[in-house]
Amino acid sequence: MVKFSKQFEGQLVPEWKDAFVDYWQLKKDIKRLQAAEAEAAGVAATTPLSQCQAPVAAAHWVMRLPFLHPHGHHHKEHGAIQVHRKLASGGGGGGGAVAGEVYETELVDGGAGFADGEAARAFFARLDEQLNKVNRFYERKEAEFVERGESLRRQLQILAELRAAVVAEQQRDGRRRRYGNGGDSSPPDTEDPSVSCSILHGDQSLRGTSEQEQEGQEKLTKDMIARSPDEGDDDQLTIPQELGDSGRLGRPREEAANTRPRTTLPGGRAVTCQGRSVRINIPVTTPTRTVTAIRELLFDDMLSQSRRSGSANGTKCSDKLSINKRKVHQAEKMIRGALIELYKGLGYLKTYRSLNMMAFVKILKKFDKVTAKEAQSIYLKVVESSYFNVSDKVIRLMDDVDELFVRHFAEGDKRKAMKYLKPNQREESHTTTFFIGLFTGGFAALFIGYCIMAHIAGMYTQQSNKVYMATSYPVLSMFSLFFLHLFLYGCNIFMWRKTRINYTFIFEFTPTKELKYRDVFLICTTSMTIVIGVMFAHLTLIVKGYSSCAVQAIPGALLLVFLLILVCPFNILYRSCRYHFLTVIRNIILTPFYKVVMVDFFMADQLCSQVPLLRSLEYLACYYITSSYKTQDYGYCTRVKHFRDLAYAVSFLPYYWRAMQCARRWFDEGDINHIVNLGKYVSAMLAAGTKVAYENDNSAGWLSLVVIVSSLATIYQLYWDFVKDWGLLQFNSKNPWLRNDLILKQKYIYFLSMGLNLILRLAWLQTVIHPNIGSLDSRVTLFILAALEVIRRGHWNFYRLENEHLNNAGKFRAVKVVPLPFHEVEEN
């Protein structure tokens, strides 16, 4: 049977761990009491009591019957303990739980009935502290979720009205087309007053509009994470006051009738409408939205100028505000995502309540067992009546979210709604483990056979077949580096899960579609078994003297097959994961135009460690596309200038992409640290450039420049690794030279990791030293150094996500905050 402490640790919300009951510290206090009770029992057994002493000693161990005093806010139960309930601020009468309560426990007779009264007082003081902490956290999170729920209810009301307005506009367009064609003699219907408005002149700046948008968002959602507003797709729409859902959100009709809000769009467009005025803000996260935002900004400027000229000529300018159906659809997706995240957060809070309640039950049961007291029944009455246990707002809000989602996004189908709100986790199969073992054995056997064949044929030495080493070996090295990196990612997933690092939330993966570590290991072992098997067969043909075009094309065909599998449109072989990978690569390539999220820059960092792979891929593409394999002219792609320049450009691309991501994040967030981080990648590009120049001109001047630039870039990178990415080297922390919060218990591991990262960061020295390992070909030496860089990156990944997880835990951020599309605009 699983111990409760293990069950408790396995089910708690990782980001809220510090807000849960500190069950382990309470167990330590219980052990201290147990040791005191055992010592007292030993003394009592060796020291007989006199007849006059026995009744007195026994009286201390008699549990007093609980008795509740009906005075004010005190639970005065005559027993081993008395629990007092006080209001932290203000006061109030009545029974039941009151928000802001503080509990204090007092031992009857000063703890004389306990073997160690001081230990008992310390235990209940800690227990009170934990109960007060749980109540405060639960109340705060509950208030945040309730406020978020009210905001989403308003958003849904606006969305419903916009849908109706879109339908009305489509009907009017249809009537206009019919009248234009002379199909009806009756006049067109009057315009729907719910969407009528006039466009007037305004001169508010874009900065002022952004500030107003940010203020409106803060009013709608108080738990939004502070960030700079996106200069995105903005549009103004009128929403009538009669939204017809319990009237919670609307202003009084009299106020609405007398109020005519006026706001300004980027470029100077102002919209004055009946009822309330809102702005649709779709974040600029894709190139299409970026181009659209720029186009609309320019159009608004021209429109504003025309309004000014029309006003100067005394012409009344009025136009109808068109409703963009595409924006309404995007707003619908944003609200749906926000509802899903809210439902997830409410589920976490429900788990928080049940686990903490169980923790109080278990620890009090242990206390009674150790001390032979009956404190559990007394204290549990207090816990059961405390705020976190009696409040039902979370349950009711979950039901409301469920109902709203079914009505607005599932067409009344509850089962369809549950696929989004409560997705079923994919179960791990033992079949996967079996095939991992099977393909691991196959890979080991084929790899040993390949090594023996290569040794017999004299491959991978300085006198080896140059055609094979220049054309076939890059294929094997490229696959080896890629799947080594993927294998290390599987190891990262295993360690993240073991240490309760919520990588799924950090990367914003879909829980039902993410790769588990067993899936990653299966992909690696299966793929490398196929690669080694094909390369073994190819090497056998080469050794036997076959050198036809078909034989030379085998490595290229193998690469082509894997690329086709990667883009295969059929729902096989982890299609959702393959397409997500391609989406991330697309986002990296088009970095300035896509909003950068965690998974994007994390993947770009991985590419910075795979420059040899990218150069091999560029060379192989050139070799097979130009049909050089037919003539075995392996030097063609290195002789032609534009191909050689392309190879150099490939070496810079990962650093350029990463630098552009830093620039985009600085533009979005305004954090100067992103500019400093950009400098790190610029220094890496400078170091790479000096190395390329040194390869072309082995002079002492270039050598000195390589050493200086590379040394400065390495120091820069090491500082960022240790201080920024890993959060270490904090001199004032309680863990010297580390940080306050550590997930790994063995502190020496962090120091060893920093030392290992330092050593592997010095791989650039091979450019200066030109090391050779025995008679091995220089390409093999470069492959070993490239593999060490991949290993360094896999090692770096764990600590990078550990630091990110601790940052989330420090802010108790367990669910994603989705920006809301509609922002109410107040009258200036």
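Using the three backbone atoms N, Cα and C, a Cβ is placed for every residue, glycine included.
As annotated by TrEMBL, domain 'SPX' applies to 2-381.
The region 'Disordered' annotation in TrEMBL covers 169-268.
Annotation source TrEMBL lists compositional bias 'Basic and acidic residues' at 216-230.
TrEMBL lists 434-456 (among others) with the feature transmembrane segment.
Residues or ranges marked as transmembrane segment in TrEMBL: 476-496 (among others).
Through the fold, the transmembrane segment (517-541) approaches residues 428, 432-433, 435-436, 439-440, 442-443, 446-447, 449-450, 453-454, 457, 459, 468, 472, 475-476, 479-480, 483, 486-487, 489-491, 493-494, 497, 551, 554-555, 558, 562, 574 of its own chain, all at least 6 residues removed from its boundaries and within a Cβ separation under 8 Å. According to TrEMBL, the feature transmembrane segment maps to 517-541 (among others).
The annotation transmembrane segment is assigned in TrEMBL to 553-574 (among others).
Under the heading domain 'EXS', TrEMBL lists 638-828.
The feature transmembrane segment is assigned by TrEMBL to 700-719 (among others). Counting same-chain residues at least six beyond the ends of the transmembrane segment (700-719), those with a Cβ under 8 angstroms from any Cβ of the stretch are 679-680, 683-684, 686-687, 690-691, 693-694, 757-758, 761-762, 764, 767-768.
Sequence-distant contacts of the transmembrane segment (748-769) (same chain, six or more residues past either end, CB-CB distance under 8 Å): 687, 691, 694-695, 703, 706-707, 710, 714, 717-718, 721-722, 728, 737-738, 742, 781-782, 785, 788-789, 791-792, 795-796, 799. Per TrEMBL, the feature transmembrane segment maps to 748-769 (among others).
Using a Cβ-Cβ cut-off under 8 Å and counting only residues 6 or more beyond its ends in the same chain, the transmembrane segment (434-456) has close neighbours at 518, 521-522, 525-526, 528-529, 532-533, 535-536, 539-540, 543. Counting residues 6+ beyond its ends, the transmembrane segment (553-574) has Cβ neighbours under 8 Å at 471-472, 475-476, 478-479, 515, 519, 523, 527, 531, 534-535, 537-538, 541, 581-582, 620, 623-624, 629 in the same chain.
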